[in-house]
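This report concerns only the one structure given below.
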Amino acid sequence: MISVIKSLLTLSVLSTLAAAKFESATPPIEVVGNKFYYSNNGTQFLLRGIAYQQDTSGSVSNGYDSDPNRKYNDPLADADACKRDVQYFIDTNTNTLRVYGIDPDKDHEECMKIFSDAGIYVIADLSEPTVSVNRINPEWNLDLYERYTKVIDNMQEYSNVLGFFAGNEVTNNRTNTDASPFVKAAVRDMKKYIKDNDYRTIPVGYSSNDDEDTRVAIADYFACGSLDDRADFFGINMYEWCGRSTFATSGYKDRTEDFKNLTIPIFFSEYGCNEVSPRVFQEVGTLYSDQMTDVWSGGIVYMYYEEANHYGLVSLNGDRVSTLADYNNYKSAIKSISPSLARRSTIQSEDSTKTMACPDNSHSTWRASTELPPTPDEEFCDCISQSFNCVVADDVDAEDYSTLFGEVCGYIDCGDISANGNTGEYGGFSFCSDKDRLSYVLNQYYHDQNERADACDFAGSASINDNASASTSCSAAGGRGLQSGRRSSTTRGGSSSSRSSSSSSSSSTGSGSSNAGIKVGGGQMSTVKLITITTIVTAFVGGLSIIFY
């Protein structure tokens, strides 16, 4: 009992320290069991949302955008637009906006205040079009960690931040379920970051597509495990109800049955099929009816602005907004709902912390490991990199790294810099920057060749580091460590020198064929090493799969 009282007092103190702006107008939303509640009165919160961002083609439903020049419009940094649009949200009883890309270097206070005064919350994606987990070659690395934490730092002070998405449709079919451990690691680390910085508790979740093969397994995957690791909520981009339909024939009944036992809130993170135009939004009445509200927490209509995809509720000509038929139909539908709302006081204590078993990853449709990638650790990467005697030359362009990775990994085992979401094997240096990872393997090769002068050249792409520090031991968060300086080619920890278990996810050649070799630059390279190289190289060529057979 004493420990419980101490915990409650600690939470009370932290709550006081982490008081957010605009709480009187928009009290923080909290997660209890499988529902959202207003923190001030314990009434259930159902999302009545609209997706709010122009030109989101690079951040919506693509999972990853390799175009480094793509720009995105941050709608929460444009106060004039927020003032212009807020009345259209008020008129549709909107209480949630989904924003797909936040610029963490911009100020968002004026827009957040405008929306708070209107009782509107924001749920924001932590990624942006070119900085997100790539479903083809997934990583959870320092660049992503820095991007995600900067968004949290920028937005955490506003009480009307409902939550953050750590990913959107990253895994979108059975062929890329290995990407999910990297997104779940992002969920885990962002929850810990929020807690470690004494920010108020802000939910972190995931937004998925509605893929028939993976829809149930991926929801269970993000909801399973410890409270520290699991997602706080789960969104599904749902486009099954088109035109006029019913709860039973649309697929909504089946989906409600699929997720009735999910232990975290689930909602439509996008909805509004446009196969029939204009959209009549008949599904709105069902979504907020007793048939669904015990399982579902509402939804977010896709989308506010009319774009080439014709999902818009309004059109924009210069700064002039014109409502479309979709807007008027949605307005009529959403203003007609009268949902029954649950009360937090009725939730049993054991239900509020209930978790679930993780899905079996031995099936062909779900292969994601429950072992998650390590937390990116900048100090660890810096510690190791300072000891490299051979490094990539500063004048080598990042787009040329793939060629060097392919060459050097033909000579040595690159397990320490690679990661496999199917087997749950993550090299101890896999989360560091591309430049540091390349220098790591160049340095390893240099020492394996007994520091021959020509072993640190690679046609001028590598050079001797005269300022290398003395060999020392570096440890990463969670106890992972690597020996800096000179080291053998045998990998450490969970990564065996043969990397034999890594082949199961990308090739039918197993350990029995690991001795088969291919000559590369005068060296013998095993088939298993070849698979590792393929995984590394494809990360630098925008999704092009390179097969060396």
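Keep in mind that glycine also has a Cβ here, set from the backbone N, Cα and C atoms.
Features as listed in Swiss-Prot:
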- 484-514: compositional bias 'Low complexity' (COMPBIAS)
- Cys82-Cys111: disulfide bond (DISULFID)
- Cys224-Cys358: disulfide bond (DISULFID)
- Cys242-Cys273: disulfide bond (DISULFID)
- Cys381-Cys432: disulfide bond (DISULFID)
- Cys390-Cys456: disulfide bond (DISULFID)
- Cys409-Cys414: disulfide bond (DISULFID)
- Asn41: N-linked glycosylation site (CARBOHYD)
- Asn173: N-linked glycosylation site (CARBOHYD)
- Asn261: N-linked glycosylation site (CARBOHYD)
- Asn467: N-linked glycosylation site (CARBOHYD)
- 470-518: region 'Disordered' (REGION)
- 1-20: signal peptide (SIGNAL)
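Secondary structure at Cys358 (disulfide bond), taken from DSSP and collapsed to helix, strand or coil, is coil. Across the fold, the C-alpha of Cys273 (disulfide bond) and the C-alpha of Asn173 (N-linked glycosylation site) stand 20 Å from each other. The sparsest Cβ neighbourhood within 10 Å, among the listed glycosylation sites (Asn173, Asn261, Asn467), is found at Asn467. Across the structure, Cys358 (disulfide bond) and Cys409 (disulfide bond) place their CA atoms 34 angstrom apart. Taking only the Cα positions, the spacing between Cys390 (disulfide bond) and Cys414 (disulfide bond) is 16 angstrom.
Cα distances from Cys381 (disulfide bond) to the recorded positions Asn41, Cys224, Asn261, Cys414, Cys456 are smallest for Cys414.
Around Cys224 (disulfide bond), a 10 Å sphere centred on its CB holds 19 further CB atoms from the protein chains shown.
Considering only the recorded positions Asn41, Cys224, Asn261, the residue whose Cα is spatially closest to the Cα of Cys414 (disulfide bond) is Cys224. Nearest in space to Asn41 (N-linked glycosylation site), taking C-alpha to C-alpha distance over the recorded positions Cys82, Cys111, Cys242, Cys409, Asn467, is Cys111. The Cα atom of Asn261 (N-linked glycosylation site) lies nearest to that of Asn173, taking the recorded positions Cys82, Asn173, Cys242, Cys456 as the candidates.
Cα to Cα, Asn467 (N-linked glycosylation site) and Cys456 (disulfide bond) are separated by 15 Å. Checking each of the recorded positions Asn173, Cys224, Cys242, Cys409, Cys432 against Cys111 (disulfide bond) by C-alpha distance, the shortest gap belongs to Cys242. Taking the C-alpha atom of Cys409 (disulfide bond) as reference, the shortest distance to any of the disulfide-bonded residues Cys82, Cys224, Cys456 belongs to Cys456. Ranking the disulfide-bonded residues Cys82, Cys242, Cys432, Cys456 by the distance of their Cα atoms from the Cα of Cys224 (disulfide bond) places Cys432 first. With respect to their backbone Cα atoms, Asn173 (N-linked glycosylation site) and Cys242 (disulfide bond) stand 22 Å from each other. Highest Cβ count within 10 Å among the disulfide-bonded residues Cys242, Cys358, Cys409: Cys409.
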